């Protein structure tokens with residue numbers, strides 16, 4: 001849902017992700033049409049969800065139906081994508097995710113990524129959404145202990161390493177996809193690693209100055225890194241109204257390519273069948289009966305008191321005045337209990353706070369529900385992109401007020417100075433892994449509008465050095481200056497002293513590293529963390545004996561502290577950011593729980 005929608009239209013609006021116009025029309029007309037574009041294969045699905053399939057919109061044969069092309073490719077590559085293209089007018093990303101992951105299977109690694117592109121005037125729905133489930137492999141790291149689960153070979157190994165990020169890197173180095181075959185796929189993430197990197201993964205890089213032994217208390221015991229290797233993904237193209245159902249065949253020599261192709265085709269058929277389920281899963285409609293652009297009530301349950309946070313700000317200012325640092329981001333973690341399911345909260349969040357990086361990620365130990373506005377780092381065809389967002393103002397009630405607040409934001413010396421400082425820090429991070437002279441500031445101090453706030457944004461780019469990979473870029477970027485400070489390492493040392501608990505996923509990153517070597521990692525801001533290991537003896541029943549579990553939701557937010565910061569203002573900024581995110585929980589509870 002576009003953030004530009006008039007607030008008045010949000011009242012009593014039914015969630016529409018359950019029923020598209022094309023599906024609703026089935027109830028109004030008895031006629032239906034089945035389109036089959038895959039030669040030699042008939043469709044035999046129930047009329048409640050008729051199969052609408054095509055290999056390609058164009059008449060040209062795809063790799064799926066061209067075995068000669070596959071045989072030729074197998075001589076020079078060990079990764080081959082096969083896909084089926086289906087019309088998406090009966091299928092939404094939310095429904096596709098629920099087709100692949102059952103409602104009660106909250107421990108199953110899986111993801112749903114969506115996007116709303118920001119603009120100076122309004123936002124628009126991003127072109128692609130991506131869904132994935134059942135990874136072929138998983139890597140889970142806790143400090144220096146790493147567990148690797150190879151689900152295809154049914155093996156599990158455990159080891160202690162200095163840098164767990166080296167494990168997926170070494171596996172990725174063996175990939176050799178055929179560039180011509182990849183060109184047939186949509187310009188989006190189409191398979192590879194997906195997961196999250198916690199803030200504390202910086203300790204793998206800065207072992208001496210930021211050791212785990214000096215880290216704050218780890219009171220949640222969440223993984224520091226979780227990655228799944230997804231051979232199967234579904235990519236929705238919202239412009240062309242179709243979905244690519246993709247499976248990657250990995251040719252490791254254990255099978256002849258003919259057998260690997262046959263197995264891959266059967267796997268693809270099974271994946272398509274899940275999306276054309278005879279009895280599609282039901283998604284509760286829900287009613288949007290809240291003012292979605294309002295902030296929720298302030299959250300009082302924090303890992304620090306108001307006085308403790310303000311005292312930390314005062315100590316940080318002392319270090320700034322002493323010349324130790326220029327700026328630091330101090331955060332606090334709020335806690336809230338809810339009977340709304342995390343997936344229901346995600347459905348609400350995509351209405352309340354649409355952002356460029358919308359994500360629902362089920363990982364080991366936790367579920368992330370995210371609406372991040374900011375890239376942590378992006379690598380595409382050896383071009384590195386860093387987009388600092390710093391400097392924030394609330395949105396106005398109308399266009400005139402928006403313009404006034406935008407002007408005030410760009411004239412605010414404190415906000416602009418902080419932004420320029422972080423742009424310089426971003427240039428430094430990008431410069432560590434780029435070719436000499438290639439770093440550019442392509443955009444400087446533009447305004448981007450989101451549902452509740454507007455930000456000052458800049459874009460820093462550079463060309464990746466020869467011999468380096470996206471994993472080197474990630475190591476150089478984690479964590480970005482907008483969530484740590486400047487100078488970065490010294491600011492993080494002070495964060496260890498001033499914050500009482502480890503940050504975990506907050507201010508780390510989540511996203512994907514594709515089979516092609518591209519990377520798109522979002523900064524874990526505006527991200528709700530639901531630990532899956534937490535159990536409470538507070539189960540109760542609603543009418544119809546529909547049992548619900550009580551979840552604990554963690555909402556963490558920070559404020560940038562500089563020399564002239566006011567401790568009370570910084571505390572209020574943290575509260576306001578968290579309250580805006582908590583609005584999604586309010587909406588989920590009113591729409592799905594309090595019926």
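Using N, Cα and C of the backbone, Cβ positions are placed for all residues, glycine too.
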* Of 115, 129, 590, which does Swiss-Prot put in the L-tryptophan site with 356, 357, 358? -> 115
* Look through 55, 304, 379 and state which residue has the annotation N-acetylvaline in Swiss-Prot. => 55
* **Recorded chorismate site member, picked from 404, 526, 583, that accompanies 391, 392, 506, 558, 559, 560 in Swiss-Prot** => 526
* To do: Would you kindly give the Cα-Cα distance separating residue 558 (chorismate binding site) and residue 357 (L-tryptophan binding site), rounded to the nearest Å?
  => 19
* Candidates 115, 358, 391, 506, 526, namely the binding-site residues, that fall within 10 Å of residue 573 (Mg(2+) binding site) by Cα distance -> none
* Asked: Under 8 Å Cβ-Cβ from residue 391 (chorismate binding site), six or more apart in the same chain: what's there?
  -> 409, 412, 415, 416, 418, 419, 455, 456
* Tell me, how many other CB atoms lie within 10 A of the CB of residue 115 (L-tryptophan binding site), whichever protein chain they belong to? -> 22
* Sorry to bug you, but what's the C-alpha spacing from residue 356 (L-tryptophan binding site) to residue 560 (chorismate binding site), rounded to the closest Å? => 22
* All-chain count of other Cβ atoms within 10 Å of residue 392 (chorismate binding site) -> 20
* Identify all same-chain residues not among 115, 356, 357, 358 whose C-beta atom falls within 8 angstroms of the centroid of the L-tryptophan site's C-beta atoms; report them in sequence order. => 113, 114, 116, 126, 354, 355, 359, 371, 372, 373, 522
* Structure fact -> Comparing the Cα of residue 392 (chorismate binding site) with the Cα atoms of the binding-site residues 115, 356, 358, the shortest distance belongs to 356
